Amino acid sequence: MKKYSVAVVGATGAVGEEIFRVLEELDFPVGDVLPLGSARSAGLEIEFKGRKYKVKELSESTFSEHEVDIAFFSAGGSVSEKYAKFACDSGAVVIDNTSHFRMQPDVPLVVPECNPDDVKEWKNTGIIANPNCSTIQMVQLLKPLNDAFGIKRVDVSTYQAASGAGKEGMEELVYQMQKFFEFKLDECEPKVFAHRLALNVIPHIDVFLDNDYTKEEMKMVNETQKILHKKIEVSATCVRVPVLRSHSEAITIHFEREVDAAAAREVLSKAPSVVVIDEPSKKLYPMPSISSDTNETYVGRIRSDNFDKKILHLWCCADQIRVGAATNAVRIAQIWAGEN
Ligand code: A2P
């Protein structure tokens with residue numbers, strides 16, 4: 001079987017580390033491994049399949065000095081903007097976890113359960129974009145429901161974990177929780193988040209735009225339409241909550257026709273990478289404690305609207321680092337490898 005040389009830019013970050021774990025778990029045919037970071041982590045070691053690899057500093061010549069088939073980028077938009085082209089020029093496919101290329105018309109934006117055929121468009125630029133974490137778990141549910149019943153509009157409120165802000169975000173939340181138990185919470189100066197996150201919720205992720213939505217909220221609008229190839233109306237409120245690594249979402253879906261909850265539950269129970277947990281009388285519904293460290297999106301609380309038979313409400317949870325980033329990226333690589 002052909003093996004692929006894999007580089008991970010941001011190998012020491014929350015998503016980069018998880019990419020190695022998922023590559024191993026999904027038994028991706030990896031040949032050479034090239035972990036890349038900034039000067040800060042050059043020389044550190046990462047472990048993959050029982051072997052240790054030294055992290056190298058990313059530079060403009062990295063991809064001409066090493067043969068790479070697949071380059072995962074998860075070190076932030078500015079790093080992708082500057083360095084992705086060098087990987088593409090050397091012939092590698094770039095699977096980019098940042099928002100930098102997502103809305104570029106010639107760059108495919110892929111959730112394998114929704115639009116796997118779009119991977120073919122990687123040849124346009126050499127880049128395949130991985131969507132925003134909140135978008136991924138939502139479209140995994142919207143796609144089968146739209147195919148079955150037709151969706152007109154979606155209203156979503158997110159409850160997003162600290163992991164969405166990387167390792168520093170998770171560390172900031174843990175630190176603040178420690179300070180709480182020392183009765184020193186008022187000493188916490190927020191650095192990563194706009195306000196203290198411990199014992200708080202913050203309705204502000206990424207920057208505010210002229211239309212009064214945040215950039216994170218508009219990602220959910222624009223990316224959903226691009227992935228599903230349909231101008232579904234989406235309105236989002238994105239909120240940071242003091243959870244470590246799984247995002248939750250309360251989603252209201254407006255269908256083109258009447259849909260009952262049982263029919264929607266049936267459709268979702270057959271959807272790929274989706275697990276239905278929906279027995280509220282037994283206290284069974286998705287929660288971050290269930291979805292964390294898994295590759296599935298969990299959905300429950302599926303119920304009809306009290307007033308309009310064309311509206312359903314549901315609740316979902318998925319691990320932001322895996323489903324929302326690393327697992328989606330590796331699944332894209334699996335499709336790409338099947339064709340190249
Ligand atoms: P480093 O620690 O060497 O700076 P997270 O999303 O968890 O915050 O992780 C960000 C990842 O991106 C880290 O692995 C970090 O590596 C990497 N990174 C940040 N800036 C650069 C850069 N200029 N070049 C390469 N990697 C970078």
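Numbers here mean position along the shown chain, with the first residue as 1.
Including glycine, each Cβ sits where the backbone N, Cα and C put it.
Take the NADP(+) site that TrEMBL assigns to Thr12, Gly13, Ala14, Val15, Arg40, Ser41, Ser163, Gly164: the candidate from Gln225, Gln320 listed for it is Gln320. With the fewest other Cβ atoms inside 10 Å of its Cβ, the least crowded of the binding-site residues Thr12, Gln160, Ser163, Gln320 in this structure is Thr12. Mapped onto DSSP helix, strand and coil, the domain 'Semialdehyde dehydrogenase NAD-binding' (5-122) counts 39 helix, 32 strand, 47 coil. Comparing CA positions across the binding-site residues Thr12, Ala14, Arg40, Arg102, the one lying closest to Gln160 (substrate binding site) turns out to be Ala14. Residue pairs drawn from Thr12, Gly13, Ala14, Val15, Arg40, Ser41, Ser163, Gly164, Gln320, the listed NADP(+) binders, are separated by up to 25 Å at the Cα level. Long-range Cβ proximity for Arg240 (substrate binding site), meaning a same-chain Cβ under 8 A and a gap of 6 or more residues, is found for Gln160, Ala162, Gly164, Ala165, Phe193, Leu197, Val201, Ile202, Pro203, His204, Ile205. Comparing the recorded positions Ala14, Cys133 on other C-beta atoms within 10 angstroms of each C-beta gives the minimum for Ala14. Among the listed recorded positions, namely Arg40, His247, the Cβ with the most fellow Cβ atoms inside 10 Å is that of His247.
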